[in-house]
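S.K.: Supplied in structure tokens, the structure appears directly below.
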Amino acid sequence: MKPHLTRLLEQLSLALALLTLAWGPLAQGSTFTWGFSGLILLGCVTFTLTLFTVGLRGQVQIANPWWVLAALVLLGWIWASTTWAPYQLEAQRWAGVWTAVLGVALSLHLLATTHRRQQAVLTTLLLSGAAAVVIALLQQRGVILPGYQALPGTPEQYLTGPYFHPSHFSGYLVGVAAVVSTVVLCTRVGWHTLPLLALAVGVQYVNLKTDGSSIPAVMLAAVLPLVVWAWTKRVWLGAVLTVMAISGAAGGAYLLGTVHGQALFAAHKQQLGIKSQNLEGFLQTRYAIHYFGEQLWRAHPTFGVGLGQYPTEFQQYRRPKEDVPGSVDHAFVNYAHSDYYQMLAELGTPGLVLFLLFLATSILTRPSTLTALAWFSCLAAYLCTGFYDSHLTAIPGTMLTVFALAGVPMSLSHKAVKQTLAEDQRDEGAKRGLLATN
């Protein structure tokens with residue numbers, strides 16, 4: 001009775017985790033009201049049920065104990081910050097989001113231990129991405145689904161998909177692009193290939209209609225799996241492509257720092273889907289916003305101002321209008337627009353260190369599964385966007401999608417492989433039995 005009950009609870013926990021994984025991005029990025037609260041509820045229930053199931057089973061398989069430890073310590077520091085936050089209710093709400101997000105990631109680490117379960121995670125990510133693209137395409141045709149309203153003032157030609165802001169939608173597409181390209185490159189050609197290629201094209205198409213700052217990152221995320229794939233084939237080939245990618249990125253950054261490079265970007269930015277922004281204005285705005293995060297960190301280097309406190313606490317560092325006329329200093333800024341400044345401002349230096357350790361420990365194991373290969377590409381792209389946006393620290397739906405990839409075990413144990421083979425044989429036997437009865 002106990003093994004049967006445990007297996008049933010495991011399946012229920014996994015189903016809840018997958019439901020939460022779809023809810024995250026499709027509930028307006030889980031940023032406001034119903035989406036935000038729903039994510040907290042689903043994620044926390046999933047984590048609680050998973051822990052109960054593991055306790056009932058009496059044994060636990062932890063593929064990467066260092067990552068699990070880093071996640072738990074980070075979560076502990078997050079909850080500790082609610083005790084010194086000026087507005088504790090807001091801090092507790094965001095701590096609930098982090099608990100839900102990390103809880104689902106940890107649940108998948110404990111539950112997605114077979115090939116079939118990892119396929120279920122990948123399928124959920126791909127279907128959620130496809131749904132987001134469809135919502136965006138409907139929006140382009142003037143069909144707005146109930147509940148999917150863009151931020152007031154957003155131009156109609158900019159697509160937001162299931163999110164409320166085009167830049168946040170573009171930020172979510174970074175992860176989708178990495179997953180789609182990885183599956184296409186690292187699986188044999190089959191019935192799934194054409195639909196995935198169509199999804200890859202759709203992701204890039206709607207991305208070009210967002211006018212978001214993460215447009216280049218989505219393109220990068222679609223290419224990076226090629227580098228990861230090369231490492232799995234030939235080490236020298238992977239090394240060569242890695243050097244080429246780093247050199248290309250460094251060269252591009254240097255070029256954009258020159259007058260000629262900025263003029264070249266201005267001449268061709270429309271082809272990249274960037275219409276309302278220019279490079280100089282974008283950098284000036286980001287420097288102005290990052291000034292707030294830097295000042296908050298300098299004033300509270302050890303503990304930060306507390307989770308969820310940035311929107312209220314940054315305002316004391318606004319500069320006078322006569323000093324910075326027309327600056328973002330006179331607008332409302334709801335987050336730091338940098339994952340690194342977001343952590344420094346709200347959780348202090350220890351918070352950033354723990355966050356980076358959480359990410360770093362996720363790649364300690366050699367990747368041998370599709371989700372692991374996708375995670376390497378995804379992580380590289382989001383480490384870049386972390387310098388100018390807060391996709392991993394301020395947008396719950398995107399956080400969930402990305403950290404879920406980090407949570408899925410990077411390799412399957414011998415026991416898990418045997419379990420997968422047993423499941424396949426059991427299914428094959430059931431099919432033969434059905435054919436025999438017919």
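Cβ atoms here come from the backbone N, Cα and C positions, even for glycine.
What TrEMBL says about a protein is an automatic prediction, not a curated fact.
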S.K.: Given the ranges 169-186, 367-384, which one is assigned the annotation transmembrane segment in TrEMBL?
M.R.: 169-186
S.K.: Please compute the mean pLDDT of the model over the domain 'O-antigen ligase-related' (213-356).
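M.R.: On average, pLDDT over the domain 'O-antigen ligase-related' (213-356) sits at 87.
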S.K.: Count the Cβ pairs between the transmembrane segment (169-186) and the transmembrane segment (394-412) that lie under 8 angstroms and are 6 or more residues apart in sequence, then report whether there are at least 3.
M.R.: yes
S.K.: Counting only residues 6 or more past its boundaries, what in the same chain has a CB within less than 8 Å of a CB in the transmembrane segment (120-138)?
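M.R.: Counting only partners 6 or more residues beyond its ends, the transmembrane segment (120-138) has Cβ contacts under 8 Å with 14, 18, 21-22, 24-26, 108, 112, 144-145, 148, 159-162, 169, 172-173, 175-176, 179-180, 183, 196, 199, 202-203, 206, 209, 370-371, 374, 401, 404-405, 408.
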